[in-house]
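A quick write-up on the structure given underneath.
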Amino acid sequence: MEEKRLSAKKGLPPGTLVYTGKYREDFEIEVMNYSIEEFREFKTTDVESVLPFRDSSTPTWINITGIHRTDVVQRVGEFFGIHPLVLEDILNVHQRPKVEFFENYVFIVLKMFTYDKNLHELESEQVSLILTKNCVLMFQEKIGDVFDPVRERIRYNRGIIRKKRADYLLYSLIDALVDDYFVLLEKIDDEIDVLEEEVLERPEKETVQRTHQLKRNLVELRKTIWPLREVLSSLYRDVPPLIEKETVPYFRDVYDHTIQIADTVETFRDIVSGLLDVYLSSVSNKTNEVMKVLTIIATIFMPLTFIAGIYGMNFEYMPELRWKWGYPVVLAVMGVIAVIMVVYFKKKKWL
């Protein structure tokens, strides 16, 4: 089914839950509850079975995949006391990254990207996070994400994640998402290297199309990174009560990573813009080379055509026409002229 546009919400009152993304069959709820000593994980499609974790005394990660199920989003929102406008933003997948602070929770919108090597396109997916006292709610559009490293650390008690509260889980999820941006930038860097080689050695129409697509990808990435910097800046500067002081340096570290990513994106944009200029210059040079060859050929044939034109005149008294060696002599003269001109052009380095 086609993706709904924002116009689908026209005329509806604020807080009306309308999903604006692509409808998919995927739907599941993943729950990970843990402490230093214990760990519990399960998947379900029954929303009622996960609601009791709201009052858990240990950190819980509830990942809801398939937000086209607006009834599930509404039920979770009602039970956890989430504002209707926040639920509306969760279902409106065209949000820019942002953070909003409420009395009992923190709401964050992020973007997750996947790179299609065949189409050379970025596909974005909105990921919404809600931090409560002991719980992190995550809302995704489809199955498949970049958070498996976090899952592994929780399952096998690696690092300090199971010694920390839910705010550290929130940091870990954001950090995993930002780390994936570095992987994405490596793929884009490889694509730039390939395009540079093609532009310099064998520029084709497909090359410039891929270059334009790469430029669009970088613009899309830039539109995500810049507001993400504001999100992380708010998390470590305007520290909400739900985030402990010990966790603040971790958010500052992720913020530093976003600055590095933003700088890399700007560098890549400059390189790609330069590639387009190089492509146009290469095409222009090839055209000039062709025109030069054609001009030289035309110049060589000008005196030959002149000689042929003289002897093509229909005058009755032209002595050379009746001369036995006239024809081979004229051909020889024309050949000598052509050779002299070719030698002259090579001496001038025009050939």
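The backbone N, Cα and C atoms fix where each Cβ goes, and this holds for glycine too.
It should be emphasised that the depicted structure is a prediction, and the values quoted were computed from it without experimental measurement.
Listed features, source Swiss-Prot:
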COILED    178-225  coiled coil
SITE      Asn288  site 'Essential for ion permeation'
SITE      Leu294  site 'Important for closing the ion permeation pathway in the closed state'
SITE      Thr295  site 'Threonine that confers selectivity for Co(2+) transport'
TOPO_DOM  1-292  topological domain 'Cytoplasmic'
TOPO_DOM  314-324  topological domain 'Extracellular'
TOPO_DOM  346-351  topological domain 'Cytoplasmic'
TRANSMEM  293-313  transmembrane segment
TRANSMEM  325-345  transmembrane segment
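Locations of recorded Swiss-Prot features on the structure.
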residue: Asn288; record: site 'Essential for ion permeation'; Cβ within 10 Å: 10
residue: Leu294; record: site 'Important for closing the ion permeation pathway in the closed state'; Cβ within 10 Å: 10
residue: Thr295; record: site 'Threonine that confers selectivity for Co(2+) transport'; Cβ within 10 Å: 11
Taking only the CA atoms, the spacing between Thr295 (site 'Threonine that confers selectivity for Co(2+) transport') and Asn288 (site 'Essential for ion permeation'), expressed in whole angstrom, is 10
Asn288 (site 'Essential for ion permeation') and Leu294 (site 'Important for closing the ion permeation pathway in the closed state'), compared by Cα position, are separated in whole Å by 10
Per the Cβ under 8 Å criterion, with at least 6 residues separating them from its ends, the topological domain 'Extracellular' (314-324) contacts 330
DSSP tally for the topological domain 'Extracellular' (314-324), helix/strand/coil in that order, comes to 4 helix, 0 strand, 7 coil
